[in-house]
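As given in TrEMBL:
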REGION    1-24  region 'Disordered'
DOMAIN    15-435  domain 'Enolpyruvate transferase'
BINDING   28, 29, 33, 174, 176, 327, 354  3-phosphoshikimate binding site
BINDING   28, 100, 128, 176, 358, 403  phosphoenolpyruvate binding site
ACT_SITE  327  active site, proton acceptor
Ligand code: S3P
């Protein structure tokens, strides 16, 4: 398992123009949910394009441990679910490795069951706050029998005989918290309501509807979303084609913008509007990104992206855009290193509780590579150097964070001097094909 493996440093060097056509692996958020909902639904779910990263495979293992049948035949995953309300108590702790989404959503999914479930994870996941999910679950009648200080993993949940439906206003912009409450509502009689003042990725709502859950969304005059789920209904297996992950596409995309002369196409990228903040921001910075063949597949917008090297300009990114690009700030900060002028990113408080404190990790990594930047409580300003002159030469501490590792390897492709990351192992959690895909486009990473 990668979190036990010895650190594997990697170095990226200034590369010649990137070119070619690439496909990034399936969307991580949709892949986790495909395993979960397929494992829960009655009948068969068939999934193609699944992200086979460690995080998602651990969600699959957890669902198996609770009674789902999951097998791979050729390129297709075939699941026979337990039926809603019929998950079994796992015999051993569920190990989620590095995965916040897998662990938090599963806490919601099984917390309301009249059984005991223990959640464990790696050092990064064990440091992340779980109270944001445990608080609403407690209101529904779930007991937290054991936890590490501050509601952290390892932790053990015990569900009530019958959970109580609640109306819960999500206090931070978090799709994981929203989803955990909705999933808890699946095994709760009556209507569970989630109030979402700031819209976050809506894969849970869309996919649950596809599986036949009785769920609907009303948006009030202030733009606040009210999501209602009527519990204990039947879910039915589905056929799912997972589109490419925009959060993974972000890495070759930024690489092509900053490496002079590049021209690449990334096919089949998810274009759900709750996920396209980075694209918009890079276009505002002057990035030459063409959205080709926009289409709808399986209820999601997808497109191919043609990206050409561009002279970027710094921008102020509106804070309200943060939920639609929350995982992309590290690589946006790298794009900003090569832009003319200052890029200001605000509303970043959630970055402090990702796989690492991403705001600090990015700022330290930039400083180690000669970038002029300022870290605020929830903001980051980066003053770029077009051409990357004087940049690079540093080693970045990745703190078990895949996106920190990939972002700084992208930086090394355009900086004057090489950039080293202290550990590339965690890349396998979300983008196992990263090294091969980047090499195929002409990137020098070893
Ligand atoms: C995710 C939600 C986001 C995101 C994560 C995936 C999801 O987390 O950072 O990578 O699939 O619901 P938060 O809900 O903590 O913002």
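In case you wondered, yes, glycine gets a Cβ from its N, Cα and C as well.
These numbers come from a predicted model, not from an experiment.
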Within the same chain, the residues at least 6 apart in sequence whose Cβ is under 8 angstroms from that of residue 33 (3-phosphoshikimate binding site) are 105, 179, 203, 204, 207
Summarise the model confidence on the domain 'Enolpyruvate transferase' (15-435) as a single mean pLDDT, whole number. 98
If one measures from the C-alpha of residue 29 (3-phosphoshikimate binding site) to the C-alpha of residue 128 (phosphoenolpyruvate binding site), what distance in angstrom results, rounded to a whole number? 18
How many other Cβ atoms are found within 10 Å of the Cβ atom of residue 174 (3-phosphoshikimate binding site), counting all protein chains shown? 22
Can you tell which of the binding-site residues 174, 176, 327 lies nearest to residue 358 (phosphoenolpyruvate binding site) in space, using Cα positions? 327
If you pair up every Cα among 28, 100, 128, 176, 358, 403, the residues annotated as binding phosphoenolpyruvate, what's the maximum separation in angstrom, rounded to an integer? 19
Check residue 354 (3-phosphoshikimate binding site) against DSSP and tell me helix, strand or coil, would you? coil
